Amino acid sequence: MAAVVERASASSVAGRARAADELKRWVKSRRPRTMRAIVAVTVALAAIISLAEIDRLIAGALSATGRSASLNGTIGPLALLSRESWSEWASSASRGSIGGWIIASILIDLALIVAYFWMAKRIIARMGDEDPRRYAHTTLIVLLGVEAAEFVVLLAAALLLVFGGAPVPADQAGLLAPLGPIAITEAALGTLKCALILLLAVFVVRDALARRIIWTAVRRLAQALWLHRLSAVLVLALAVLTCIPTEGVLDQLPDLQRRWAAFDGAAGRHMALALVAIAIAVLCAWSLGRARTRALASGVRGFDVTEVTPRRVHALWWLAPMIVWLVLWVVTGSLTGAWVPGWSAIVFLVVPALVMLTWLRWPDAAWKITPRIDRLDRARWAWLTGDAVAVAIPVIAGLGLVRSFTAPVFAGRLPNDAAERYPLSIVLLLLGLAMAVASPWLLRWKWHVPVLLDPTVRVDADAGAPRRRRIHVIVIVLGFAAGLLLLAWIGLLPVQTAALFGAPALAVLLLTAWGAVLGAFTVVLQDHPPAPVFRFLRLRADPVLTLAITIPLIWAIIAPVVGADDVGLHGVRTGAVASKGDPVAARNADDSFEDQVDDRLGTLARAGCTATVGDAEFTPALVVAAEGGGIRAAYWTARALDQLRGRVDEPDCIAASVLLSSGVSGGSVGLAVAAAGESDEVRAATELKRLAGPDAVGTGAASLMVGDLVASVTGLRLPSNVAGEWAWRDRAALIEDVWVDAVNGLEATVALEANDRVGIPVLNSTDIRSKCKVLVSNGLTTEAGPTPAPPTTSGAGGAAPDDDPDAAAAAVEADPSIGCETPATAPAASLPVASACFSDMDWATAAMLSARFAVITPAARMPGESVCGNASMQLVDGGYAEPSGLGTAADLAPVIADRIAAWNREHPTADPIVPILVYLKNSAGYDLRRNLEDVTAEPLVPLVGYPALTKAATEQALRQRVTAAFVTIGEVDEGDATTADAEPTASNEGSEKAARAIEEVQDCANPRCLPGLEVIVAPSTVPAVMPPLGWALSGFSIGSLDRAMLVQTEKSTTDVPNLRTLRSLTED
């Protein structure tokens, strides 16, 4: 049993007061040093981020030979292997811009040099041994000399690029040639610089005192960060989402911040509220940090939690989660009428109930822990680190603005950009830099600190200050309630709050609110011994965060195994909602793929759209593959199909000549928008920009961190209000609602039969249970592996046998070698799913089945024992199986070619039908020339050669499979000619006409040629703001895509066909 704290003597009270004063003096004396260190690190990070963003612009400039190079690679450790970069830049049409970016980079690099020089000097000064310190100092001076020499060389090279005249061939680069003085000198200096940095690190590490100081600082900092881990998580999340200069998903939040560079109410409101959210986060982190530091710092005043008498009344705090659950249960039941919670409710309620039970049964349980003798040192670092973590929040926010606006500012004013966008970008870049550099000065701000925020002031029950204790508890309860109320508001109105705050502000508020809730609960428990069950485990405190994270995670893993997971939590509306019916009959009711192709071919032939190339006339049949890539892919796909029509008043007939479209992820969303959206070009463009708005990201974040999280942990489905209707919606359903609000046509029931806009639609999803593709289509299946296909009803190489398709689906799950076996890197084959499974869905829901990227959106649960099949499915993004959409097109291409060949043979007097692959690739880089790798050393051949297996599933390999199948339609059926010199029959005359048409189309003596019967519609590699991989686009990203599309609609300046080439086929 713990002992009651006895009244201290006058001398001990005075000693404790002196200890508290010494702690305050230590922290105060270290604040200036800490502030300067944070400023130096901030300057270095700002420089690194800016340099990386500028380097992305440099890498976007193609040379005359189609290559690109980055500055970091040219002056880095492998500089000797990158000497060709200078001659490539000299041959680039953007050589002047490249020179300007290099000048900007070396000027920014000066700030980085100053920052690391200051930090290195501080470390060297703390070294104990004279010789290593002298060596390190000499190395640092030499390093500065190398940096100065490199500055001169880079400046000279940049000026040659800027003022050296017109681009020249790479082999005529003169001073910039690979063996020229500049390339050689820079390569030597870059290599020497990296070697000196490594040598300097070796000298520092060899010094015993330096090692001890560094290790002590790292250990104390790690201990302090663990104490303040709630606030540290907020800082880390912001840093990852906003500051890492890379493309893809991590470009999403910076691109959302770029939307602030606009003169409109929403952008201004979102920016202002984001700054307010940052201020709230700083205040909460600072207050929580002080409160958590008190657990260590108040010990100098005599407080020792091991000496506090445990009381049963302490168990009452564990009622808080149970009361919250009860209130949530009443709210949920009242709004939705659903009063029965999920199984996870039991887990959520049992944990605090068991903790309370141990308090009531064994309140005096022994607590065997080893006293900490370094409490004062821990308190010092905890206090200083807690304040530094709070200050780091605006620092990271400022660096996020630097990351967001460096590329727009240095890319310059671009065509078709709004007039105000560029100057506002400059202002926001400078604002971010100022915020990042100035925020650390808050550590030295002399402001009045309330008593409750002084870590050395005791607020425990035995402190002898009951009024202070009451105020402390009230403040904690209010913070706990405020966090809960904010989370409830966002959870109940996710769409509305996302539109109000914007995604950046909302993300900060959500992290802050959860920190307030969990932090308040942690602080209120730290002033008394932990629960008996945790004392038995010899823990020093109640593991609030561990319980809040690990228990739900463990349950989420166990629940599906024991059959207690909530299937309906992420369920999707399917045909099973209307009628379970007979799944076998439903699937057999679908038309075979051959029949669908035949019907579509007949429609194309009757439409009379004639293409002319050379002396050949034919009817084009486009097979479209839309690459995945989030909203970037959706925007690019829809825009490409819209631009294919040409003029609004006289649209090109080739736009209605689509035979089949295969989409993945955002490409599927783009196909859905093209199929169901506005046909008018102006209104369609407006819809697309609304679709690319910020609400989808904000709504998804709100539901991820409140609605879905609460439902999975508590078993209660918190309803959301959309269009005045309260109902449970997971984050995927809410994003669908945002899409429907932007593009009203997506609310229409999905039509999986062929239409003029997209032909036969095929939206690719992936079942993570069987690892097979699931085609959201009119009953299509594919098989890509070497396993022979059994007889099928789909006629497309599907895995469904005639007698029982569902048996095949179940067999695939039991044995992946049946019908779904593929090479390790080949596109997965598909499960047989009837079109009736998707009949009750709207276009938004059907497209979302293909676009459910894990974490951002949940896996869709498709129930078994329904028209969807006997086995349940768990569907995620189609890109998990194959990201380009070409895999399904390649699987179906032989059947398509066979049916076209048959049609041509049966209609010898008509224009032959010729298939053309149109690959809508939304990511840049297809036009980059890649060098063949050097000969590999023999011992490394097994390792280097293994990746050759992946070449079987590359875009190039899949395109070859498609076009190789297409050219076979011109082959004459040998069964129609009995001898070699027999006269052509009516049946092979159509094949010969098709063969001549294919030969003309691929003959580049014709200006409209399409080598390989394919057109790649992709953005050219140019220096620009790269659109992110996410669900929102800024005006900069939309501008980049629009300019790339404009290039596609103009006459190609190279021998590569583009969208304009395709449209020209049907022009007179």
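Glycine is treated like the rest: Cβ placed from N, Cα and C.
Copied over from TrEMBL, here are the features:
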type	residues	note
TRANSMEM	34-52	transmembrane segment
TRANSMEM	98-119	transmembrane segment
TRANSMEM	140-163	transmembrane segment
TRANSMEM	183-205	transmembrane segment
TRANSMEM	226-250	transmembrane segment
TRANSMEM	315-332	transmembrane segment
TRANSMEM	338-360	transmembrane segment
TRANSMEM	381-402	transmembrane segment
TRANSMEM	422-443	transmembrane segment
TRANSMEM	473-492	transmembrane segment
TRANSMEM	498-524	transmembrane segment
TRANSMEM	544-563	transmembrane segment
REGION	780-806	region 'Disordered'
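Tertiary proximity for the transmembrane segment (473-492) is limited to same-chain residues at least six positions away from its ends with a CB under 8 Å from its CB atoms, namely 284, 287, 291, 320, 324, 331, 452, 506, 509-510, 512-517, 519-521, 523-524, 702-703, 706-707, 710, 718-721. Residues 37, 40-41, 43-44, 46-48, 50-51, 54-55, 57-58, 61, 71, 89, 92, 140, 144, 147, 151, 154-155, 157-163, 410 of the same chain lie 6 or more positions beyond the ends of the transmembrane segment (98-119) yet place their CB under 8 Å from a CB of it. Proximity of distant same-chain residues to the transmembrane segment (338-360), defined by a Cβ-Cβ separation under 8 Å and at least 6 residues beyond the stretch ends, is recorded for 310, 312, 314-315, 318-322, 325, 329, 332, 531-533, 542, 547, 551-552, 555, 559, 564-566, 569, 711-717, 728. A contact between the transmembrane segment (498-524) and the transmembrane segment (544-563) is present, since 3 or more of their C-beta pairs, 6 or more residues apart, lie under 8 Å. Remote same-chain residues near the transmembrane segment (422-443) are listed as 31, 34-35, 38-39, 42-43, 45-46, 257-258, 260-263, 387-388, 391, 394-402, 404-406, 408-409, 412-413 (criterion: CB distance under 8 Å, separation of at least six residues from the stretch ends). Long-range contacts of the transmembrane segment (226-250) within the same chain, counting only residues at least 6 positions beyond its ends with a Cβ under 8 Å from a Cβ of the stretch, are 45, 48-49, 52-53, 56, 257, 281, 285, 288-289, 292-293, 295-296, 382, 385-386, 389-390, 392-393, 396-397, 399-400, 403-404, 504, 507-508, 511-512, 515, 518-519, 522, 545, 1026, 1028-1030.
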